[in-house]
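Enquirer: According to Swiss-Prot, the protein has these features:
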type     : residues                               : note
ACT_SITE : 384                                    : active site
BINDING  : 328, 329, 330, 331, 332, 333, 334, 349 : ATP binding site
REGION   : 595-615                                : region 'Disordered'
């Protein structure tokens, strides 16, 4: 039950609330500035610059939380503020958010500052936002009506499809010229027509596109939806730099599955300029209704809001379930203690206290590897992780075998405490949370011949894309990779990753005598960061079905020259192109660079005649 005061009588309470909101506003101003820079760097083809601002942005939030906490400590002795004043601080903050355009993000920022200042055993739910206090429904940008969240276009009543898409592209005002926009628009219209076929045009037929481009890797994406009758279809158009150096429309994505992969947890976060982020999330949920809001916020670079929503969803699931957390099935890891809740599609990973041989690492080194992945381009091949500290679980929901695992292998990472309802809790001091996937080793063991073929192709492609992005996985056993629900192979064990450019790629030396040739041990010198691709055969080709498929599709995997060529390109400053869609979907492959799209007349107003094609 809440015990808020009836009167807000403290000037300090208002000043603290104002200081905290000023800290958030500064954070979000800098966050949006990165999106402005992303557009300029995309237009200039400054790929290294894009990567740098993406990395820098990840640290912005914690820097502003730290900065605000220091100000509050120095100016208001915040740690010693009385409970009644903290309650007034929250109420003043709510008042300040009444007409704010990012209230949900500001509430999360308030929680971050509050929990940084106060120990978890001290702050209570009256001090922080356990649930949203300000609605994000129907927030409009009334100050700048020319910058709506999305723009609506009516191809059936005005310009026709080709003119409509041309206007959509021009409205983003990209400074770099297009190679041949008329050609590419023709491809878009042709692809839309092929996808929808004989679709009757309804009176409300229209196209909506979000007002800002989505920047990631070397692409800028137009994201939208097509409305026709009571149906909504997703729309995404990636814009790339073509071989000529000018811009091209690379494809058009029109399936929900394609958008889900584009916004997958295996990709880096987008850079998007959003005045009202909740409106963007609502729009994206409309075209991806299965996507949790937490994941959408995270994919937009608002990972702290994603963490906040994920934790709320998790607590809600705990309240409405009764199964127990168990040790995750499968091969036990040497670095991580992994557990899961069978009814929840995630795994929880805790760093062990001691690492048995042959592992040689430390807790801090493992954490640094996970942070490296957070900051690096994951290219659709590395799972994102949510990192939490001091998470309290009901002890009654922990299987006894799991408790024993903790007490034996990670006792320093847990403590027990009494919950406010009188029950016992187990507090996990540090945990990573990842999407649960089918381990690749199990997928290959139990799969059909076609599934084995698919798994091997995906595994090889995943490794090649990772090394093209300057990531050497280190431990490449199949058990360290998972298969997503879309059939993509993803890496998720990061404790041994290195930059490929830091590695020495070597041939196995020729034995100098019979004793070396017959030796069961490695007889040649191996230094840190040495890689011997020829030796990968030993642990990758053991299963006959897997081995045969591997040699059919990735025989170059065991050739040091393949690995060295990637390293050389990276050292020369090359930034690889990565696509979150199949190569066969690209216009250059689908229609051919020189193919002339068919002439497409404008779509007419709907009438009582027979069904017509969209294009």
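A Cβ is built for glycine as well, from the same backbone N, Cα and C atoms used for every other residue.
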Enquirer: Which number gives the other C-beta atoms within 10 angstroms of the C-beta of residue 331 (ATP binding site), all protein chains shown included?
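Expert: Total other Cβ atoms inside 10 Å, all chains included: 12.
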Enquirer: Roughly how many Å lie between the Cα atoms of residue 349 (ATP binding site) and residue 384 (active site), rounded to a whole value?
Expert: 13
Enquirer: How many Å separate the Cα atoms of residue 334 (ATP binding site) and the residue listed as 'active site'?
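Expert: Checking the Cα atoms of residue 334 (ATP binding site) and the residue listed as 'active site' gives a distance of 21 Å.
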Enquirer: Does residue 330 (ATP binding site) have same-chain partners at least 6 apart in sequence with Cβ under 8 Å from its own Cβ, and which are they?
Expert: 439, 442, 479
Enquirer: Between residue 384 (active site) and residue 328 (ATP binding site), find the distance joining the two CA atoms and give it rounded to the nearest Å.
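Expert: With distance taken Cα to Cα, residue 328 (ATP binding site) is 19 Å from residue 384 (active site).
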Enquirer: Just name the most isolated of the binding-site residues 332, 349, going by other Cβ atoms within 10 Å of its Cβ.
Expert: 332
Enquirer: Near residue 329 (ATP binding site), how many other Cβ atoms are within 10 Å of its Cβ?
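Expert: By my count, 10.
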Enquirer: Of 328, 334, the binding-site residues given in the record, which has the fewest other CB atoms within 10 A of its CB?
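Expert: Fewest other Cβ atoms within 10 Å, among the binding-site residues 328, 334, is found for 334.
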Enquirer: Which of 333, 384 has the fewest nearby Cβ atoms, counting only those within 10 Å, among these recorded positions?
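Expert: Sparsest of the recorded positions 333, 384 by Cβ contacts within 10 Å: 333.
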Enquirer: Taking the residues the record says bind ATP (328, 329, 330, 331, 332, 333, 334, 349), how far apart in Å are the two Cα atoms that sit farthest from each other?
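Expert: The widest Cα-Cα gap among those binding residues is 14 Å.
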